[in-house]
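**Q** So TrEMBL has the following annotated:
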| type | residues | note |
| --- | --- | --- |
| DOMAIN | 587-651 | domain 'CBS' |
| DOMAIN | 683-743 | domain 'CBS' |
| TRANSMEM | 56-76 | transmembrane segment |
| TRANSMEM | 134-156 | transmembrane segment |
| TRANSMEM | 190-209 | transmembrane segment |
| TRANSMEM | 243-267 | transmembrane segment |
| TRANSMEM | 317-338 | transmembrane segment |
| TRANSMEM | 358-375 | transmembrane segment |
| TRANSMEM | 428-448 | transmembrane segment |
| TRANSMEM | 455-474 | transmembrane segment |
| TRANSMEM | 502-527 | transmembrane segment |
Amino acid sequence: MMDFLEEPIPGVGTYDDFNTIDWVREKSRDRDRHREITNKSKESTWALIHSVSDAFSGWLLMLLIGLLSGSLAGLIDISAHWMTDLKEGICTGGFWFNHEHCCWNSKHVTFEDRDKCPEWNSWSQLIISTNEGAFAYIVNYFMYVLWALLFAFLAVSLVKVFAPYACGSGIPEIKTILSGFIIRGYLGKWTLIIKTITLVLAVSSGLSLGKEGPLVHVACCCGNILCHCFNKYRKNEAKRREVLSAAAAAGVSVAFGAPIGGVLFSLEEVSYYFPLKTLWRSFFAALVAAFTLRSINPFGNSRLVLFYVEFHTPWHLFELVPFILLGIFGGLWGALFIRTNIAWCRKRKTTQLGKYPVIEVLVVTAITAILAFPNEYTRMSTSELISELFNDCGLLDSSKLCDYENRFNTSKGGELPDRPAGAGVYNAMWQLALTLILKIVITIFTFGMKIPSGLFIPSMAVGAIAGRLLGVGMEQLAYYHHDWAIFSSWCSQGADCITPGLYAMVGAAACLGGVTRMTVSLVVIMFELTGGLEYIVPLMAAAMTSKWVADALGREGIYDAHIRLNGYPFLEAKEEFAHKTLAMDVMKPRRNDPLLTVLTQDSMTVEDVETIISETTYSGFPVVVSRESQRLVGFVLRRDLIISIENARKKQDGVVSTSIIYFTEHSPPMPPYTPPTLKLRNILDLSPFTVTDLTPMEIVVDIFRKLGLRQCLVTHNGRLLGIITKKDVLKHIAQMANQDPDSILFN
């Protein structure tokens, strides 16, 4: 008899699409590989060099991920900035310049009118040679809507035709993939190419979405593609997930210019398994990505983001009250948004609406563009809006938000005192109120459409508008009523007491926290954005309040809610399992079900096994000594069985349907003229995880979470009774929470 499995067979040990990986097996295989390399390194210089290169390959991979994701982020930023301005006009000095760069190169521009230069022409100037009057306004309006529809149509068409996985933010799927789920093609090259192109188009169309979430998906695609250059990561799914955790950190690093926030985001929000080694590598990848983006300098201001801001005024203890109010607003908005958005997405999945993604995108884009154009705050890109709201007004600011009455003589530089609001500020206030209503409503329908759409920027915009409105209100209150008891102790007349931009920043953090339920990483991202270490306490107060309020109204963040909506097998590590059920209540088969399908170790033919495979859809089968004893020997995966039998039929002479399959160490001598036997012990997992039938389910759930198991066998006095899969655990948790257990779709 020939043991043809001494040589590894291509495909054995790999996984089918939409299946969960076996973390225990993957980690064990990596330890064996590492042990082998270490032992060989003592034998020759070449083996030692191989050992060193193997150890260094992880750092080299991080360097490549950082360089690639930083470069792509720079490309996306520059392209989106140019295409957003294209909706309003074009630079005659060079069509590739955006509005700002066009006027930088102009010799006919003053500081006050730095946005107006003869080289920049609006569409009405190009088409009808004038920018004045109602007809010019209508031409500009029409061109704005036309470009928005064109960009949105291109985005949704490219996604639909070439890469359906390029839609959405990608973070719910990445969380699921990092927990050990396989979605083939989700992080592939086509997804990367189409996501990068359509992200620029979607952001430029003026829809209420951001590029920050999709940038995490783009960075993870870079990580996954680069993994194929290194054997260690290509062949091991668990090792690859460590790389993807680091890539997610690099994605947030370039999205917000916040390397440390990126590492913490990966740890707090997306990663399932995050060893210390991955923490260091994530830090390195985030550093390289941020450095690469800084070298490209996409915004021309030596900053990594458009809305970088610095505040210099200290905050006062009383201001914690409005900051906490902003936290409550953020929590309420977060809970409202999650409920309404999930209801709309469920409607999209279950009705005819889901069959017409192109029409849906075009309708939402048309409504957004038509409502956005008349209001300058909705017309500008959301990143520019946030930048405007965060801005601390100086004397030279020409923005309407800084149109204060200057009732003071200033000969010295430094801080400006609080001033009464002028007509421009009041005008800006009601425009911002309308912007807030539009953003709140339209974002509900935008997130989840078949185009790349992030949620960070729209959420921050909602919070920043609310914060700025409250900040200006507080500023005027302090100016006109500085003798009130709440102000008198710290705010004298002519002092700079209140910074409305700080309120906008705190509001942005509160709303983002309410939607995503991030806390630590959110605060770090926000203070890296603003360079304001002294504002950590207001940010922490707002982020914590918004999380408490949102959690009181609904336990799930937006990403967890979308994971549940899509039926992915994600076992949430943060939730406690508090029910008193036992393993026997959850295992298959139940009392009246047919018996568990098993293989015996030495009495089944190839035909018997192939019949079982064709008649069932199980991912694997327990192997027992005999059907009578039901004593457990091990567990074998369906995919490994199919590949091994196919391979044996091709390569091993004489293997026929009547050949007996052996899972034992040694096979007994066979009588002459019997067909050769097939020995498959090498694909048998001899140490499957087992629990007894009386094990409490809270322990079983903990085992599944912490070891990343696919399945666990249930025994009684050493005899096999049944099996619990990850899907069974998730269905049981859903049932206990009075949810529909059939919403868990995958294995």
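Numbering starts at 1 and runs along the chain as displayed.
Even glycines carry a Cβ here, placed using N, Cα and C.
Keep in mind that this is a model prediction, so the values were computed, not measured.
Could you place these features in context, so I can see how deep they sit and what lies close by?
**A** As a summary of secondary structure, the domain 'CBS' (587-651) carries 24 helix, 17 strand, 24 coil according to DSSP.
Outside the transmembrane segment (56-76), and at least 6 residues removed from its termini, the chain residues within Cβ reach (under 8 Å) are 196, 199-200, 203, 211, 215, 218-219, 222-223, 226-227, 229-230, 232-233, 243, 246-247, 250-251, 254-255, 277, 281, 284-293, 295-296, 298.
Within its own chain, the transmembrane segment (243-267) has Cβ neighbours under 8 Å at 58, 61-62, 65-66, 69-70, 73-74, 174, 177-178, 187, 211-213, 215-220, 222-224, 226-227, 233, 273-274, 278-279, 281-290, 292-294, 303-305, 308, 456, 518, 520-522, 524-526, 528-529, counting only residues six or more beyond its boundaries.
Long-range Cβ contacts of the transmembrane segment (358-375) within its own chain (Cβ-Cβ under 8 Å, at least 6 residues beyond either end) map to 140-141, 144-145, 148-149, 152-153, 155-157, 160, 205-208, 348, 431, 434-435, 438, 442, 445-446, 449-451.
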**Q** Please work out whether the transmembrane segment (428-448) lies in contact with the transmembrane segment (190-209), by counting C-beta pairs under 8 angstroms that are 6 or more apart in sequence and asking whether there are at least 3.
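**A** Taking Cβ pairs at least 6 residues apart, the transmembrane segment (190-209) and the transmembrane segment (428-448) are in contact, with 3 or more under 8 Å.
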**Q** Please tell me whether the transmembrane segment (190-209) and the transmembrane segment (134-156) touch - that is, whether there are at least 3 C-beta pairs under 8 Å between them, with each pair 6 or more apart in sequence.
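**A** Yes, the transmembrane segment (190-209) contacts the transmembrane segment (134-156).
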